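TrEMBL lists B:24-44, B:56-78, B:85-104, B:110-132, B:144-164, B:184-206, B:238-258, B:270-296, B:303-324 with the feature transmembrane segment.
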Amino acid sequence: MAARKLIAALGACALLATGCGGSAPMGAGGAAAGRDEGPVKIGALHPVSGSNAVDGQQMRRGAQMAVDAINAAGGIASLGGRKVELVTGDTQGKADIGQSEAQRLISAGAVGIVGTYQSAVSTNVAVVAERNRVPFVADVTASDQVYAHGYKYAFRVQPGSEVIATAAAQYLRQVSQQAGKPVKKVAFLHEQSDFGSGAAEAFTEAARQLGIEVGPDISYDAASVSDLTAQVTQVKASGADVLAVAGYYRDSLLAAKAIASVKPDLNAVWGVSNGAYDQPKFVADAGDLGALYFSTNYHYDATNPQTVALREQYQRTYGDPMRTGAVLSYDAVQVIAQAVEQAASTDPEKVRDAIAAARVQPLTVGNGPIQFAPNGDNRNALAVLMQIQNGQVKQVYPPEKAESRPEYQVTWRP
Amino acid sequence: MTNTTQGAPLAPEISPPQKKDRGFLGRAGVVGVVLVVAIVVALLQSGSGLVVWQSVVTGVLTGGLYGLIAMGLTLIFGVLDIVNFAHGALLAVAMFISFGMISATGMHPYLTLVVAIPALFLIGAAVHRGLLSGTGGKSLENQLLITLGLSLLLENGLLMFFGAEPKTIALPGDFQFPLLGAVVAGSRLYAFLGAILLGALLFWLLRRTRLGTAIRAVAANGPGAELVGINVRRIHTLTFAIGTACAGAAAALAGPLVTVTPTLGEQFNITAFVVVVLGGMGNVVGALVGGLLIGLVEQLTTIYLGGQSSLLGVFVVFILVLFLRPQGLFGRKTA
């Protein structure tokens, strides 16, 4: 009796959980509502509640700052100075909710959507955008899958999983050779969704081409993992000389704790699209545990005075350092707003064509202006290598973006 | 609370021991054999004794913590017949109480036990009196929706007050020591020992005190207990409060091991439910042993499947238990 009762309870819970997130009715009937009068609406979809709410809030604020800057500069000139308004949605980090929220923002008259931080959510949002013929400009979305479907309305500002992972493998080879300890074998520890597995696959492919062996490949469930000691012990037993980690914040911190206690025989810990190892917060939380960790990732451009000014303004307003995710959201809003300006129209299809032809100066690190390839990817997106040195995250490679020299040696090895 | 005589969650402890023991030893033997086989297979799979040994050590230590969390849950279920979905959220509340005290006063993380346990005891009592005491005898969905709603309320309340920024609790003077090649973190060992100690204390409370006898009497036969003068409503509130206090204790012990976030409870909630089923619903010792087993299963699954969701192994065990022995390892067969 008791067991049956519990099953019924769990079942009811599951039903309830999915029931809440049921998608809104589809159909583009009211899609054009209100686009022709009032402010030009740009949709921002981020996880502002749930376990990734910190990043979600950062990114929503970044998007809002872009909108404020555009309005302060007189709005959209080609539309007679019409103001821009950010309409926001909360994905809660869930793909189905992201989907219904995207539909809602489009129905509310958004000319384009920026978002969403999680690849799984972006996958669903891209489908909604495609169906409604409204451009979706991803700020943070690592997985390359979305951009392999041949969608016409999906764009992306950040360098994709493959770009970052390939750069990570190349930087690793170059930095380890410079240090006189060329890398031979890399163990890869990653969370198991699109984001972590995608990074691991792309890295493995790139590393093999460079003659670096990758293995073991160890994955874990980021939502439920509470300890990674056994996984790191596997790394230790494998004899790898570098450990690459692709995870979100909480689990990457767990990995750092496990690495500190197991002390595997490594030359370096190498973050690949890692959500922790280039965050000031990680430096504070991990203390000595994270010293000299490397991270290959997208990054705000510390050498651009505009970026510096923006980050100072953010810090003043919100009392918190502005993260790269928020700078990417700022860039993504700029892309849409400049496209509206160019198109002199709020017709999403015309805005889409303007985005496809756009050249926008980014505040994040890039090889040049944001410019989209036919698949929607930013051609000039660039990943940089960072390292935690003396309690600060420094850009260390490639040399033209470096603030400091890479130190290829882990702390626990004298 | 209509059918408690049949479900009799805490009843095995009162039933005559001689009949139950042989079956229990047999079951323990089966579990032991399965574990040994599982470990040997893991050895063959990974080819490294060190990896398997570390998994076993980590599994047991983490399992202690699961056990402690599940003990509170199973007590509430056994006595009140309430499936408390807010257990994880209450754990998160305790974690933030602990975190708040540490950051405000700089006190030692384990000292927060003396605040977290009573605080959660009081919160538990208040929750039961305020929200749940009226639902006895009504449909299951009422309690379910209340506890589920409460967990959402608590999580989002924490999110509002503390923000989603993950927080860490550092244990001053934490250390690592080798155990036959495996690494054991001091904080993990303390959490494990604390769980065992509190489990023993809870067992003693249930078996050797007047309150414990009353709780078991209410669990076995509510109307009967009422007839002999036990204030059933009061016992219900106390039991819910004690169960919640277990979450408080687990929170203070686990603080240095985890990253503190408002949604932290979700990580433990599902695992704790599986532990409760495995250990036999309402059985406190079963919860502790079940916790250790689930901890092991989780770690060994990591070896078998190269780390693909360790929850997969946990759910396989869950389903097997439901099929083969729905009353749990320690529960008595019900009619």
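Keep in mind that glycine also has a Cβ here, set from the backbone N, Cα and C atoms.
Residues 10, 13, 57-58, 60-62, 64-65, 67-68, 71, 75, 110, 171, 173-178, 212, 215-216, 242, 246, 249-250, 253-254, 256-257, 284-285, 287-288, 291 of the same chain, all 6+ positions outside the transmembrane segment (B:184-206), place their C-beta atoms under 8 angstroms from a C-beta of that stretch. A contact links the transmembrane segment (B:110-132) to the transmembrane segment (B:238-258), because at least 3 Cβ pairs that are 6 or more residues apart lie under 8 A. Each of B:85-104, B:144-164, B:270-296, B:303-324 was scored by its Cβ pairs under 8 Å to the transmembrane segment (B:56-78), and the highest score goes to B:270-296.
Residues 65, 68-69, 71-73, 75-76, 79-80, 82, 84, 87-88, 90-95, 97-99, 102, 109-110, 112-113, 116-125, 127-128, 132, 169-171, 174, 185, 187-188, 190-191, 194-195, 198, 202, 205, 211, 215, 218, 264, 267 of the same chain, all 6+ positions outside the transmembrane segment (B:238-258), place their C-beta atoms under 8 angstroms from a C-beta of that stretch. Packing against the transmembrane segment (B:270-296) from elsewhere in the chain are residues 7, 9-10, 12-13, 31, 35, 38, 55-56, 58-71, 73-75, 77-79, 87-88, 195-196, 199, 202-203, 206, 219, 311, 314-315, 317-318, 321-322, 327-331: each is 6 or more residues past its ends and has a CB under 8 Å from a CB in it. Recorded stretches compared: B:24-44, B:144-164, B:303-324; the one with the most Cβ pairs under 8 Å to the transmembrane segment (B:85-104) is B:144-164.
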